Every structure is written in structure tokens, then in C-alpha cells.
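Over in TrEMBL, the protein carries these features:
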- A:Tyr109: active site (ACT_SITE)
- A:Asp150: active site, proton donor/acceptor (ACT_SITE)
- A:His251: active site, proton acceptor (ACT_SITE)
- A:Asn7, A:Glu34, A:Asp150, A:Asn152, A:Asp250, A:His251: Mg(2+) binding site (BINDING)
- A:4-251: domain 'Endonuclease/exonuclease/phosphatase' (DOMAIN)
- A:Asn152: site 'Transition state stabilizer' (SITE)
- A:Asp221: site 'Important for catalytic activity' (SITE)
- A:His251: site 'Interaction with DNA substrate' (SITE)
Amino acid sequence: MKLATFNINGVKARIGALSDWLQEQKPDVALLQEIKSVDEQFPREHFEEMGYTVETHGQKGFNGVAILSRLPLEDISRGLPGDETDEQARYIEATVIGETRPVRMGCLYLPNGNPAPGPKYDYKLAWMERLRDRARALLALEEPALLAGDWNVIPQAEDAARPEAWVEDALFRPETRAAYRRIETLGFTDAFRARVRGAGHYSFWDYQANSWERNNGIRIDHLLLSPQAADLLRDAWIDREVRGRDKPSDHVPVWVELDA
DNA sequence: ATGGCAGCGTTCCGCTGA
């Protein structure tokens, strides 16, 4: 199966570009972040007519995640466990029934956390601790599983065109990178880094200051694979071309192909 | 050194994002 994680920055604003991309690339599964829509306003029928099963976890104005799948979905769960008071819609999980085997997928929109330090940064780090608990539970299944989405984490200096500009930022502070590493080192494989080494590979370019034209990007959209999913990895790549189209999101799709 | 763009709701400004 071919699947992509894609922060679309608003489903209403992106419906044209997203539909074009789906029809061209035909992902079996699209894990979407920042739908910026409540569930009732999400254009579900539009994507169903394109052959997708649609599961959303939205909220008004901001955040929101969704799973679009051509393959059957089972056992949908909405929200990241661990804090009943958290009202932000940033996590949805489902089992995708592949042709040869099922794959459990968590679709996440990790908090930005700026300004740091401060309450938003505290929320980010607390959210990452809850995600680590969920990651541990997924690994305990000992089955193909992945955690994919907009992590809002620059894992290493090579993942930013100008790392020096990010040292104080919530996306790159040492505590952020350490928290990300604590999840990865539980036993996950960064799918993209399993296939491509070196600097210069980004998944986000700011709308401001001609970041795209200057290739001033950062790599913050990641797919982490359980060992059983990593065994199925055929390929991984970033669809950078999408950023140069009309009315683009500020993020681009990051892909994996799995033998499933 | 700063801000620059884009989307959305509280809409013709303010907030958030990264």
C-alpha cells in the first residue's frame, strides 16, 4: 500500500488542490492534519465520491485530523489518551486492512509549542509524553504500526536549511529533540531516513519571506514505523513538487510504500 | 533586527501557525 501524511492547512481552502493530488497520486491512505474544520463541515461526501472512506476528528477553526482510505478501516479511535481535559483535536487512530495484512496507524498533529518557554511549550512537551505512552502501547502489539503526521519537530540540524535560526524555537529546542528521540528510540524507524541520508530534504516552507523560492525549509513531517512495519518498507519519499503549485499548503506530502 | 503570508472566526481586524 502507498500512503502519505499531509498537513493540508485547511480543508476548505485546499479542497481543489487536495482533490487534484488525490486523483493524480491515488494514495491508498492519506493521513491529513490541520483540517481546520468541525466533523459536520468536512466535505466527506466529496471524498467518498472519489472512492475514499473518511474518518475525521475535527474542531472549530484550528487543528483537526482525518484519515482518507481506499482500503477498509477498522477500530477508529479519536483523541490522544492520557488527558481527559485536553480539547484539542490532534490525534486519530485506525487499522487499515491491507491486501496482505492490517496496519495500525496513528495520525497526529503535534502542538507547535511556541513561544518557548511558556505554557504552550509545556503543553507540547506534555503532549509528547502522552504520545510516548501511546507509542509504547502500539509497539506492544508486535504488529505493523506507524505514527505519522506533522510532528512539529526538526530532529537534527541537517533537517533545516538554516538550523541556526531555530535554536530557540519550540520545533528545535534540545528538550523537543530529546522528547522526539525518546519516542523514536523505543523502537521506531524514521521511514524517510531509512531511505534517504543527508541534508536538504524538507517538508515545510513558510509562506513568508520567499521561503520556498529560497528553499529555506525544514523537515517536520515524519512517519515512524514499528519494527514489524519497518520490515514491510519498500520506499519513502517527499513529494516536494506540490509546494510549487497554485494555492499550496505550506507543507508537502511525505510518502511510504509498504508491502501490505 | 524585523517582518514578510495564509486561513479562519470573533470577519474588513485579531488570533494562530511555524
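All residue numbers here begin at 1 and follow the chain in the order shown.
A Cβ is built for glycine as well, from the same backbone N, Cα and C atoms used for every other residue.
Just so it is clear, the model here is predicted, and its values are computed rather than measured.
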Report task. Go through A:Asp150, A:Asp250, our recorded positions, and report the one whose Cβ sees the most other Cβ atoms within 10 Å. Result -> A:Asp150
Query raised in the report: Rounded to a whole number, how many Å is the Cα of A:Asp221 (site 'Important for catalytic activity') away from the Cα of A:Asp150 (active site, proton donor/acceptor)?
Result: 4
Query raised in the report: Hey, of A:Asn7, A:Tyr109, A:Asn152, which of those recorded positions are within 10 Å of the residue listed as 'active site, proton acceptor', Cα to Cα?
Result: A:Asn7
Requested in this report: Count the other Cβ atoms sitting within 10 Å of the Cβ of the residue listed as 'active site', across every protein chain shown.
Outcome: 27
**Report entry** Stretch-averaged pLDDT - the domain 'Endonuclease/exonuclease/phosphatase' (A:4-251)
**Finding:** 97
